[in-house]
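A short worksheet on the structure shown next.
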Amino acid sequence: MQFSKMHGQGNDFVIIDGLKEKVNNFSQLAQQICDRHFGIGADGLVILLPSQQADFTMRIFNSDGSEAEMCGNASRCVARYVYEHGLTPKNKISLETLAGIIKPELLFENDRVTSVRVDMGEPRLNRGEIPVTGDKNEKAINIPVQLENQLFYGTCISMGNPHCIIFVDNVDAVDLTAIGPKIETAPLFPRKTNVEFVQVLNRHEVRMRVWERGAGITLACGTGASATLAAAVLTTKTERRITVHLDGGDLAVEWGNDNHIYMSGPAQEVFRGEYPV
Ligand SMILES: N[C@H](CCC[C@H](N)C(=O)O)C(=O)O
């Protein structure tokens, strides 16, 4: 089976063209392929499939085999992949996901793709949509997140997938490996959650580290950067256009007057290969 290995600021994926390759058990394949010793190694597996309502369907599987509703960094990678592999002549692409239709736009310099700007859609703020337990019509801003012997205050946002954003004075002081999985699987989150620790640098910049649902610590998270922007604006910490500094690089995010969040950043293809099935 042919594959392409791509990343968005270090958040890396194996991309498989499901229009050409026959894939049966996506979840099992994701666990095998994402293993960094016994497989190719990646944070996730992305399968391209046909769509009736968009140019393509993008299905995303975390390295633990769970399927995610949406993935921001993967949407940039897929947009570049379908253009450069000749699957579409378009630079404005639509992708059907479990979170709805996502619209990445390729940006060029001297005929080379330099970055991708993605319309991530509208953030979902009510507990029922995220989901977070409690009154489904209530927001979840600065709510207590109680672990056995630690209490955090989080702002929960969905970009189609759930995020719990916790503002701290120093992200480097957070033991993400210990705390991340406890919050990811807290009873507060019926479908688990991605966990972002955020240090506000000024009204236009934040530093964010992420423990991803189903994948653990990653170097970048596009939906996480988008949810972080929404949380920072809702708690009046930043303006509506910021740079998110992540371990793997920067993402630019903006909350437009149309209530859509736009996320921009690079997407790189690292290598192509053949995986025995
Ligand atoms: N682990 C995430 C999916 C990948 C999201 C992230 N890699 C991004 O760039 O948005 C989840 O289960 O919701």
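In case you wondered, yes, glycine gets a Cβ from its N, Cα and C as well.
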**Asked** Among N24, N62, N149, which residue does TrEMBL annotate as binding substrate together with N11, G72, N73, N161, N194, E212, R213, G222, T223?
**Response** N62
**Asked** Could you state the CA-to-CA distance between C221 (active site, proton acceptor) and N11 (substrate binding site) to the nearest Å?
**Response** 7
**Item:** Cα-to-Cα gap, C71 (active site, proton donor) vs G222 (substrate binding site), nearest whole Å
**Value:** 7
**Request:** Going by DSSP, give the three-state secondary structure for C221 (active site, proton acceptor).
**Result:** coil
**Message:** Under a three-state reading of DSSP, tell me whether E212 (substrate binding site) is helix, strand or coil.
**Reply:** strand
**Asked** List, in sequence order, the same-chain residues at least six positions removed whose CB sits under 8 Å from that of E212 (substrate binding site)?
**Response** D43, N62, N194, V195, T218, C221, G224
**Prompt:** What other residues of this chain sit with their CB within 8 A of the center of the CB atoms of N11, N62, G72, N73, N161, N194, E212, R213, G222, T223, the recorded substrate site?
**Reply:** A68, M70, C71, V210, A215, T218, C221, G224
